[in-house]
Amino acid sequence: MFSAQSLIPRIPKRHALVTRFPVHSSHFRGCTAVSRRQAHQFRNMSHSQNPQDEQAQKGSKFSHLPLSTSGPLECALKGTVLLNHPYFNKGSAFTKEERRDFALHGLLPPQIQSLEQQVQRAYEQYCSQPNDLAKNTFMTSMKEQNEVLFYRLLHDHLDEMFSVVYTPTEGEAIQNYSRLFRRPEGVFLNINDMDSVKRDLAQWGKPEDIDYIVVTDGEEILGIGDQGCGGILISIAKLVLMTICGGIHPNRVLPVVLDCGTNNEELLKDDLYLGLRQKRARGDKYDDFVETFIKAARELYPRAYIHFEDFGLDNARRLLERYRPQMPCFNDDVQGTGCVTLAAIMAGLHISKQKLSDVRMVVFGAGTAGVGIADHVRDAIAADADISPEEAGKQIWLIDKPGLLTTKSESLSDAQKKYAKSHDDWANEKTDLLAVIKEVKPHILVGTSTKPKSFTEEVVREMAKHVERPIILPLSNPTKLHEAVPEDLLNWTDGKALVATGSPFDPVKGPWGKDGKEIEIDVAECNNSVVFPGIGLGSVLSRANRVTDKMLMAASKGVAEMGPALRDDTAPLLPGVDVVRDVSVRVARRVILAAMEEGVVEEKDVPTNEEDLDEWIREQMWDPVYRPLKYVEGNKASRGAKGDLRVLGNPNDVE
């Protein structure tokens, strides 16, 4: 049974909120002010952990693992070849010994600098950029030159830079992809050349080389719609988040775009557009293309986890349901949003002291995200109450543009039909949001409608009449499309609403403390980045052959049990990106243990003890630190040491 107390986590002291590299106070000086609370968090992390080189000297009982990050890094490259390889390049930070052993004398200025000094210089350069799009381009250029420096800079300023390397600025970069294009990254697959799909994929490595693939068809990008082949940038951006948030090794990932054409008239008329200049393919041809890609990817990289990203509404759920039973795959739009929302609900129920099995939920907006959230909450209710999903679905009401979904609603998808209420049983003639709130008296109200200000004062006050601590989650993005803002929700409920939003908001102050004392309430952001990296990390490390519903539910619990609100109900319901790597470890642990119970783990000798499992996970997470380089002769070097991962491959090897 789910209970509020069960969410209070037991954190082994030596693993509690610890990163594996220091953050220095110099990083808090620059173009954007950092809150004292954030600075305090970073400094605490710095003081509570061991430096990477100290860890390398001590070693780990899991340092024998192929993905271990302890000890020196073998490298067979020298001279300018080494300097031009972003995975190995250290720039001015190569040591005296490395400059000697790798023939770098005369190729670098004489002063040897630390990674921290490089980060300081890079941050100053970043701040000098005139706008966010220029900052995005600067970060892309840095990633192509020095991956450790790129990820370390991003880590140290993640709160500030997240919106630059991801939404909303990445959306602007995608819209301008063909005009800003400098060099390609990733795999571009052509629907008019299906016979070449396997050959094109094969160039990127051997079967054991790729752990994580993000693929998009570019149809529904970050709320800006069809962007054609420019969608490759969302695959790249998602993999950046997988590395910085989940520790997936950046040389073991593959971004892919399936170019099926585009229905974006601006792109079709643009002489500089780089993708197929044709209307988007549909029907059997489209399905055959996706199937060709999946078949080739599974044959070439059988250990890889496949992440579907920003597919169109008609295809996202359909493709996920088709391939989920066959392989480890995930769709962040369908599953990630549901997982993080369920985590916020779990944390909220801890405060309101209610059981998940007793709740009633209204979802306003019955698209992909709304139905995905409903599915996850339904499955959680079913597990908590030991009832069927069909029975649990009776506790969830979906509202879309025509009103409440009923058996008389027209053009419902199969996913929506599961929640349609009997028209004959609905006594109220009205089916709008206010009427449903009055009739249902829900504990939870979720907004995925993109209809701004639809959670009106009348709606919210009506909900608060019947529920002591209403959980209200306006999740539509961007901010201008939010169903309500936290300040209004808290004012209309006298500070009692438990709120999480789809975008970041400032804390809200009000006279809601004891005897009317003014208090400040921090508002959680339902950010998928606190959940999907841990799901992917756990699945990759355990080599799970599928991603089951129980694994996803375990991920939600992992996020919820690290919510600050579990200890202080004025704190956010969910953890933020400032501690995302620690959250990813917790989520990965929960996912792996659930995968063991489900019998889908294929990796051998995975620890079952939680403390050992956490250490096993952390040991295999890539960190943005400079590991000592150890030179190996080419004939004795692995493909990784030769710098061949994601770089070389011979299409002639494909049968």
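For all residues, glycine too, the Cβ spot is worked out from N, Cα and C.
Worth saying up front: this structure is predicted, and the values here are computed from it rather than measured.
Taken from TrEMBL, the feature region 'Disordered' applies to 39-63.
Positions annotated as compositional bias 'Polar residues' by TrEMBL: 41-63.
Summarising the annotation, TrEMBL assigns domain 'Malic enzyme N-terminal' to 143-324.
For Tyr166 (active site, proton donor), the same-chain residues lying six or more positions away in sequence with a CB closer than 8 A to its CB are Ala237, Val240, Leu241, Ser529. What TrEMBL lists as active site, proton donor is Tyr166.
In the structure as shown, the Cβ atom of Lys238 (active site, proton acceptor) sits within 10 Å of 26 other Cβ atoms. Residues or ranges marked as active site, proton acceptor by TrEMBL: Lys238.
Annotation for Asp333 (divalent metal cation binding site): same-chain Cβ neighbours under 8 Å, separated by at least 6 residues, are Glu220, Glu309, Asp310, Phe311, Ala316, Thr368, Ala369, Gly372. Look at TrEMBL and you will find Glu309, Asp310, Asp333 tagged as divalent metal cation binding site.
Residues or ranges marked as domain 'Malic enzyme NAD-binding' by TrEMBL: 334-596.
There are 18 other CB atoms within 10 A of the CB of Asn477 ((S)-malate binding site), with all protein chains counted. Here TrEMBL flags Asn477, Asn527 as (S)-malate binding site.
Asn527 ((S)-malate binding site) sits 13 Å from Lys238 (active site, proton acceptor), taking the Cα positions as reference. Distance from the CA of Lys238 (active site, proton acceptor) to the CA of Asn477 ((S)-malate binding site) is 18 Å. Of all Cβ atoms in the protein chains displayed, 23 besides its own lie within 10 Å of the Cβ of Asn527 ((S)-malate binding site). Note: the divalent metal cation site is recorded as Glu309, Asp310, Asp333; in the same chain, Thr216, Glu220, Ile221, Ile234, Lys238, Phe308, Phe311, Ala316, Asn331, Asp332 also have Cβ atoms within 8 Å of that site's Cβ centroid.
In the predicted model, the domain 'Malic enzyme NAD-binding' (334-596) shows an average pLDDT of 94.
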